[in-house]
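Here is what Swiss-Prot says about this protein:
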ACT_SITE  379  active site, nucleophile
ACT_SITE  515  active site
ACT_SITE  517  active site
BINDING   14, 147, 148, 149, 187, 188, 189, 190, 191, 192, 223  CTP binding site
BINDING   14, 187, 188, 189, 190, 191, 192, 223  UTP binding site
BINDING   15, 16, 17, 18, 19, 20, 72, 239, 240, 241  ATP binding site
BINDING   72, 140  Mg(2+) binding site
BINDING   352, 380, 381, 382, 383, 403, 470  L-glutamine binding site
DOMAIN    291-542  domain 'Glutamine amidotransferase type-1'
REGION    1-266  region 'Amidoligase domain'
């Protein structure tokens, strides 16, 4: 199969939405029956985002095969059916690490290692390997044109266009077209300068996606086309919208998919966007609004919980409910008490690391349990629920996780020292292992217990969900917890690790060690989130029993 490439770059400012724009184009092309994949190239020196601060970088998205990747891969999976893998995201750090490994091994036969050709060749090889077996590969380069760290990536995609042929490659550039109220018009000069910068490194864009807070007039688009040497029909106006799921229709209406197919010589049926039309309809026509409290420690940057936010919205669509997320700092719960949690229809405690705010999360789980508020715990959210139950129901007053208190006499949560990874290999860890790349990662099999809420929600005896954790329930203390009423409703494939717990005498209290948010999509939703938001609606109406 011959693969065609669309390279996506950004200019003027960061955070223009390259990932959303690229994913929206991919969704349209997929709707035309084409096999599409996507890649994200990140110019930073970290090997992967696994150890980066969520408040700087946003969430770490975990793929089925256990790669810790950029949050844009979450957008890709929410817009297209293709599942991302470790091949779909790599960083400058990963590239340099591999080149240096090859140099130490002697693979370069004593050559002087340079950015060109060694670094650029490594980038090209990874792009080609990650795109095999697809009609179109859309490759997004992180950062902004002109950034010094992105230059090797820009040079690599320039070379790829030469090697693969311009008939098989396209460049799509996102740029800002600001509106100046004082002048009463949009200004195209920033776009012109951004394209000039791109052309100075040998890349002529074929498509310009022009971001603005309004529709860009036809005469301004013609002006951009003239000065940037781009066909007028390839200058796409992408205005701000109230839902990212409207963007596929927005750019299809301007014929971008037709332009791409014609350029690549691809004959494909018209895109069927009925599923996206249904998503937009459900989003625009909720029957009620529920308020869900998300109690976390990274709330100053909502993107730290991007997939959770989106999964809640998806579940709202399936229940015809608008979901209002109230972000609550777990440290505020510690300082101000339960008053921070009053008036919520449901409570969600997401994943996280470190001891800051941990007691606030434990108290949150207590409040939800005692007041019969629907509760969904994810990863750490399950562990704090377990700690709270052990302390206040099972009578283990000093129960804790060894992550936060290594000296606790009742470690209900401890470090996993051995497990089988997603490829079937045995992994071993100790307290002294590196932080990066040392967690239980990727899709894992989970067996669900008959008669449990989890089994009812999923409708299956076994499921696969994605993990990202290094601490797990201590099986030695499970008998005491189960005797006190704790329900274990999900176990790992070898039945050694607890995956899901449920609380007794509670209408809806489910907590999972895995991350269900990573597999939720706007078209399909996710059973755990759908059940959770449904329970929130019942709580709102006073119907939850």
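Cβ atoms are placed via backbone N, Cα and C, with glycine included.
Sequence features, as recorded in Swiss-Prot, placed on the structure.
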residue	record	DSSP (3 states)
19	ATP binding site	helix
148	CTP binding site	helix
187	CTP binding site	coil
192	UTP binding site	helix
223	CTP binding site	helix
240	ATP binding site	coil
352	L-glutamine binding site	coil
379	active site, nucleophile	coil
403	L-glutamine binding site	coil
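DSSP gives residue 14 (CTP binding site) a coil state; it is part of no helix or strand. Ranking the binding-site residues 19, 140, 148, 192 by the distance of their Cα atoms from the Cα of residue 352 (L-glutamine binding site) places 19 first. Counting other CB atoms no more than 10 Å from each candidate's CB, the recorded positions 240, 403, 517 peak at 517. Rounded to a whole number, the C-alpha distance linking residue 17 (ATP binding site) with residue 380 (L-glutamine binding site) is 30 angstrom. Residue 140 (Mg(2+) binding site) carries a strand DSSP state (E or B).
Overall, the recorded CTP-binding residues 14, 147, 148, 149, 187, 188, 189, 190, 191, 192, 223 cover a maximum inter-Cα distance of 31 Å. Listed in sequence order, 350, 351, 352, 468, 469, 512, 513, 514, 515 are the same-chain residues at least 6 apart in sequence whose CB falls under 8 Å from the CB of the residue listed as 'active site, nucleophile'. Site extent for L-glutamine: the farthest pair of Cα atoms among 352, 380, 381, 382, 383, 403, 470 sits 14 Å apart.
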